[in-house]
Amino acid sequence: MATPVVTKTAWKLQEIVAHASNVSSLVLGKASGRLLATGGDDCRVNLWSINKPNCIMSLTGHTSPVESVCLNNPEELIVAGSQSGSIRIWDLEAAKILRTLMGHKADICSLDFHPYSEFVASGSQDANIKLWDIRRKGCVFQYRGHSQAVRCLRFSPDGKWLASAADDHTVKLWDLAAGKMMSEFPGHTGPVNVVEFHPNEYLLASGSSDRTIRFWDLEKFRVVSCIEGEPGPVRSVLFNPDGCCLYSGCQDSLRVYGWEPERCFDVVLVNWGKVADLAICNDQLIGVAFSQSNVSSYVVDLTRVTRTGTVARDPVQDHRPLAQPPPNPSAPLRRIYERPSTTCSKPQRVKQNSESERRSPSNEDDRDERESRAEIQNAEDYNEIFQPKNSISRTPPRRSEPFPAPPEDDAATAKEAAKPSSAMDVQFPVPNPEVPPRPPVVASTAAAKAEPAIIPAARNEPIGLKASDFLPTSVDSAVAINDLSVVVDLLNIVNQKASLWKLDLCTTVLPQIEKLLQSKYESYVQTGCTSLKLILQRFLPLITDMLAAPPSVGVDISREERLHKCRLCYKQLKSISGLVKSKLGLSGRHGSTFRELHLLMASLD
């Protein structure tokens, strides 16, 4: 009898060169899981069919790097925001520009289409959120409340709310009909990179650079649970279509979480680096990541991933009894979204327009069409994906087949594959099946936790030792070594916890930050920018206030020492300010970061 072929749980599908210059943004079509749109520093938006090597269509018109892209639910429209603050919308079936929207004063960081109506929401580096009516070609509402760049926007499944995540560590929920903020969710200690609504229940998930995922109850407006211990900043999360679990695209792995109680169902090793977007199709999870001009796509077979039921691994690593599930597991714990049958009620101040108005030509539309082009690079793939709306072959829609899983590399890995996601066993030990395991933790109340015998690589500090115990002595030592790589490693630890920064540390680190900003290594520049941003946010107001204050009466030694440190920091920041100004013209993410730093340093001039 032939031995059955063991296939891989996760594998790399393909790698393509997506742009002539660096890729700056990308998005997967959530309806099909087969359409990929990429934005680049070459000011183009390119469309791809997953697992096909050639570009389907290339959209031009932007005059600065494309920082954010988004596809609507039917995958018929695409919107792209640029570094200059302009937004362009293309009709993919008609292969032409539909709208150009102007109004933001800085980079477009986030975009989302309304699920039912022809509205687009945009978030920018200028901290503003705008709601646009595609038909009226204008901004119908502006939401102000964030103090820093808005990194992610999501409409609720019923189209009545808008969730926003920003660098100011907050998540906000906006009522579209009332035109005001419903609630603010504080709690994260780092920039919030992503938010995602549960597909059915009144529940919202948010992921942050503080390495946590928080779940928010949208009826009681409070936190439900918090997943801690992510190996790096959380950039991409996605609920399973039936809402049973949440997928988190971590550094080189996929993690599957539940939230009541908070627990990790499974961990799958996927060598995708920093995954940028996720989609689900045919019981397969598609993940895409980009580096420089290359885009790589990966597949995870969800039929071999634990999504509910017995908890295999628990990030909280406790041994208390698991809470009993609700009497009826199929019954939702929260209120369910009521989706409209046609279109939802329009946001405040929006006037009804006919379809003919949306398509009516104007001088401005003619100019947009001259400036923007949709170049069809592959007619066969284009006709297969974007058929005319009235074409008979479009109904019923074509159903894509799952990607075939490759066999395991050898017999040893095949045995490993038979185990459920054993890639991260060091971090999350699997209990011995012969001994009944004690159920893992439910709540997050304090209890003594057994430390693992082996320190996982994801830990950023030795067990039992806090970074604050050896700062700033270790920084002085690192600087004395005269090796920037050592300084970078130390700063990456300190940057994770803003409370570790002191004025003494600033005086030591600022000269090193100036060197990092001039480095040829991208990771060094990024670390230097992150540290400089933290210093400016926490200490620049103190420094300027101290220098502007009148002299004290009498002798105050501690104040004199603080004043001396402030003067030293001010001098160093002035020196760095000139370097930041010289890099304002850079394109891509670094250019955007330097422009943000320049705004923060405005008070130095």
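Each Cβ is built from the backbone N, Cα and C atoms, and glycine gets one as well.
Here is what TrEMBL says about this protein:
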type	residues	note
REPEAT	16-58	repeat 'WD'
REPEAT	59-100	repeat 'WD'
REPEAT	101-142	repeat 'WD'
REPEAT	143-184	repeat 'WD'
REPEAT	185-226	repeat 'WD'
REGION	310-444	region 'Disordered'
COMPBIAS	340-351	compositional bias 'Polar residues'
COMPBIAS	352-374	compositional bias 'Basic and acidic residues'
COMPBIAS	430-440	compositional bias 'Pro residues'
DOMAIN	473-601	domain 'Katanin p80 subunit C-terminal'
Going by DSSP assignments with H, G and I as helix and E and B as strand, what are the residue counts for the domain 'Katanin p80 subunit C-terminal' (473-601)?
104 helix, 0 strand, 25 coil
DSSP-derived helix, strand and coil totals, residue by residue, for the repeat 'WD' (185-226):
0 helix, 24 strand, 18 coil
List the helix, strand and coil residue totals of the repeat 'WD' (59-100) as derived from DSSP.
0 helix, 24 strand, 18 coil
Mean pLDDT across the domain 'Katanin p80 subunit C-terminal' (473-601), rounded to an integer, is what?
83
